[in-house]
Amino acid sequence: MNRLFRFEPVVLLCMLSLALPVSRVAAQTDPALLSAASGSVSPSSVALRFNALNSLIRDGNIAREAARNELQRLLPQMRAEYYRRGGVGYGKDAWVFPLADHDARAIGNGRDRGYAAAGYDYFLGNRHGGHPSFDIFIHDRNRDCRDDRNGKPVRVLSLTGGIVVALEQEWRQGSRLRGGVYLWVYDPVNDLLVYYAHNSELSVGLGEIVRPGDQLAIVGRSGYNAAKMRSPTHLHLTVLKLKDGRPLPVDVYRELARATTGRNSGTE
């Protein structure tokens, strides 16, 4: 099976269970590969620049002030790119729950449903504190990344409309990268950055325009902690509101509870 991902055996079972076409998978830093893929588009220069900035922040290789200045410079360009490419102004009433065939009952229980914004700072990258996020679990007792109820992989759907502005498609067992295989979607209508982490496989490319309910990925177990057997299989969802160039956590539980449920058709 031809795959762009390289996982070690402990999570290989998740990879073997997937049957998505490789042509839908985007290369992070190789525009030629992406444009050659059937049905894909070449990533715009602004998406490439944001992806590069996000990687520098993630790895702690850029000063906070420089990162913030660059983010402020890129935001209006990303917004213009979204509408130039035919993006539509989707409001929150159009949002779709980000796991197909699931709803808010799949969100972790406990205090505040696991949401803890205190200590989070986007500009700290992989070293950030807090958990301004919702972990959304699938039924997967044997950790094979398939829904125990039907034996199928579970599709990760776009909560909002937007443009894919950053992604990481490769992750190795033992890597300390917490998000594993992840992507960021910028929603210019609501001025949000939405983060989808721990995926097995991506289904969209850098710079791609997405609508609420579009398939982004397949839920998985990638990431430093998510790959451990003690961790139930889940999607890690973070929503950040952009204010004066600062991405700040926002609790969207109520919106998730009201979101439309997408169907899981098309996975095998």
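Using N, Cα and C of the backbone, Cβ positions are placed for all residues, glycine too.
Among the features that TrEMBL reports, signal peptide is placed at 1-26.
Taken residue by residue, the domain 'M23ase beta-sheet core' (155-241) breaks down under DSSP into 0 helix, 43 strand, 44 coil. According to TrEMBL, the domain 'M23ase beta-sheet core' annotation covers 155-241.
Averaged over the domain 'M23ase beta-sheet core' (155-241), the predicted model reaches a pLDDT of 90.
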